[in-house]
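Written out below as structure tokens is the structure these notes cover.
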């Protein structure tokens, strides 16, 4: 938990109204939607789709509606979870609620690593594109220094406050929207080289064959997956900072996704249809020009417009860098707030004026600024693969948890719900995500590089998971940071009324806004009333069995599901105080 703020006396009782989550509401529904749209950056079409056409033909356009349809399903499931648990940290907090704190820690760690790696994966090629725009030759060291400088500038913007972050998001959204639509329309109206039917035909014409679907199309799907998916959850990542998050966050995710998807479908079609008639294979250099210029635009419109487009892409991707750092810092802050990472007291601090996790922002910036010095052009795609696969795994885990919660009958929807469609949507989404993860991790030398590079994404994800497991073992050891702060809660508690959503430090149950709880000032922890009553009941009964505890727990908490062994352990430790 964070330090309490906004404490006021209640007029009707002696119970204090207390906001235990100290971040400020700084985003409206519109700002949250713009934040998501800017992150989805439709202008990315001009950095990758021509290269995709080289690998799979113009018919690779079909990968885009497939991916965005799946993203819409993901956003719908995430919307339900964000409506029930509108907490910063999104997937980390949802997993913690649905499955448990250990799995939540793994998901939070993977999410944090995914975004930091992705920051390096875009900052280095963005630096290369910057030098190319200036027609300056730069070595790898110069590119790394420039990439680090871009990360540090992004850090400064995040530290400056939410107002500056919103300005960056609005400008980036406008650049991405206007740039994509203007260049797309010019190409479609004045430079179309192929009939519209080629968008869903094989390179040879006619229907797609099995060899194409299981070969080139899967390559195209990789590019679209790690380019398009990131950003789906961004509005939920700052849920506690959004006004009326239970309703606003789901709307922001879906609205931004629909708008971004429509622009991408239109712009990508325009770009692919403008590829010169000679054949896509003659544009093989596009794969080398993905980050230096858009060769298709240059061939059709000239060098000047291509450079303008390159400048717009740099600005849009820099904004993405800023927003990604925000996302990573929020997850780092929430995990330290929940005391499951080392140095939680240090990283959990917030600024007094805006309630920003400034130390978490700086930590993310420092790590992301160092990574470009450890990468290279050859490893660029591997970094994209590692970051993309890790993110999809983060998406998958809470979705599986939500599915089991529905099957067990323990799911309770918030104001925004899928109703009876929830379980079917979850099943389809989980299967599709598993397929995309397998496709991303498959060792393909044609995409990730020759030799050991082909195994790079698998190795990178394995390192993230193993590191997360080691941190989890350390954090949850007997007497570790988690058991110290969540198991041993001071008995000198104060009755409060929550002015924002929170979670019980003992049973990890959700505590909605307006509910009463017990507040431990020393441990900065909230304990729900049923858990505190149980602790009082069993305070003098050290020999109580698990069955006795379970029976009382289910009665006091009005739950059908039995408590986990770790929950029973925390209740015993709480009672021992």
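Including glycine, each Cβ sits where the backbone N, Cα and C put it.
Note: TrEMBL annotation is automatic and uncurated.
Given the ranges 17-39, 454-476, the record in TrEMBL names 454-476 as transmembrane segment. Per TrEMBL, the listed range annotated as transmembrane segment is 62-82 (candidates: 62-82, 335-355).
Tertiary proximity for the transmembrane segment (381-404) is limited to same-chain residues at least six positions away from its ends with a CB under 8 Å from its CB atoms, namely 74, 77-78, 80-81, 91, 94-95, 98-99, 103, 106-107, 110-111, 113-115, 117-118, 120-121, 222, 225-226, 229-230, 232-233, 375, 411, 422-423, 426-427, 429-430, 433-434, 436-437, 440-441, 447-449, 453, 456-457, 460-461, 464. Scored by C-beta pairs under 8 angstroms, the transmembrane segment (308-328) has its highest count with 103-124, from the stretches 103-124, 144-160, 210-231, 454-476.
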